[in-house]
Amino acid sequence: MMRILLFLATNMAVMLVLGIILNVTGIAGNSTGGILIMALLFGFAGSLISLFLSKTMALRSVDGEVITQPRNQTERWLIDTVSRQAQKAGIPMPDVAIYHSPDVNAFATGATKSNSLVAVSTGLLNNMTEAEAEAVLAHEISHISNGDMVTMALLQGVLNTFVIFLSRVIATAVASSRNNNGEETRSSGIYFLVSMVLEMLFGVLASIIAMWFSRYREFRADAGSASLVGKEKMIMALQRLQQLHEPQNLEGSLNAFMINGKRSELFMSHPPLEKRIEALRNL
């Protein structure tokens, strides 16, 4: 979930800044064609900037340390396991990092398959068996091999485009009026207010679509892990999460591999654990 939150937060920040620039400067103009062109440019700018910054931002956010030279048996095992799985999945060896956190957590990120990162928490290494941790690593490797971050960026770019375009087209219609001479005029204040409100509203709807896709790709990554290490290991890893964390203890936690069972599934980046386990058993 962490990589998704970072991606969406960066994307929203860029979208907000660019949206204000559009409104203040009026750069998109009044024509539908002009608005569409600017929506495409600015819509994809937010998602692509988020994509290319994802690896650096994720690593800094957890104060993770990339393993350049293994210093102990655990780090050697991590490097060897990720290397073996990456080779089996047909992708270049990603950077591997460890960060200090009591959460049982792991994530993968990066703009391309050749510039990716797999990070695991000390909480995961301390609370999972080797077989369970191996399944989690395979899950993250599958995210990379599936190109999930790139696909998410493209989807977010399309969603951004529709958010910008629709909010400004509607705002233009609402704020426009004709004077006594029959000339069309537009109230800048009304246009700014309406476009900002609609952008936030459409942004929420867009996030529901983005979260749906995120849940879909989690099922795919689980299946990918099953193909790399066997579905029983992946099921064991998910069951371990159920044992370690009661639903109420997940509230407000920042997790990449886990989910909060109490939240509305519409806004969840990960499917409920029981659904993931059931899907694996049905493979």
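Cβ coordinates are placed from backbone N, Cα and C, and glycine is handled just like the others.
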**Message:** Based on Swiss-Prot, name the residue from E65, E75, E199, E218 that is recorded for the same Zn(2+) site as H139, H143.
**Reply:** E218
**Asked** What are the non-local neighbours of E218 (Zn(2+) binding site), defined as same-chain residues 6+ apart in sequence with CB under 8 A from its CB?
**Response** S269, H270, P271, R276
**Prompt:** Against which stretches of its own chain does the transmembrane segment (147-167) lie, if we need a Cβ under 8 Å and a gap of at least six residues from its ends?
**Reply:** 3-4, 7-8, 11, 15, 19, 22, 35-36, 38-40, 42-44, 46-48, 50-51, 54, 109-113, 194-196, 198-199, 202-203, 206, 209-210, 213-214, 217, 220-221
**Asked** Looking only at Cβ atoms, how many others are within 10 Å of the one on E140 (active site)?
**Response** 27
**Request:** Please work out which residue of H139, H143 has the most C-beta neighbours within 10 angstroms of its C-beta, and give that one of the binding-site residues.
**Result:** H139
**Message:** Using DSSP and collapsing to three states, where does H143 (Zn(2+) binding site) fall: helix, strand or coil?
**Reply:** helix
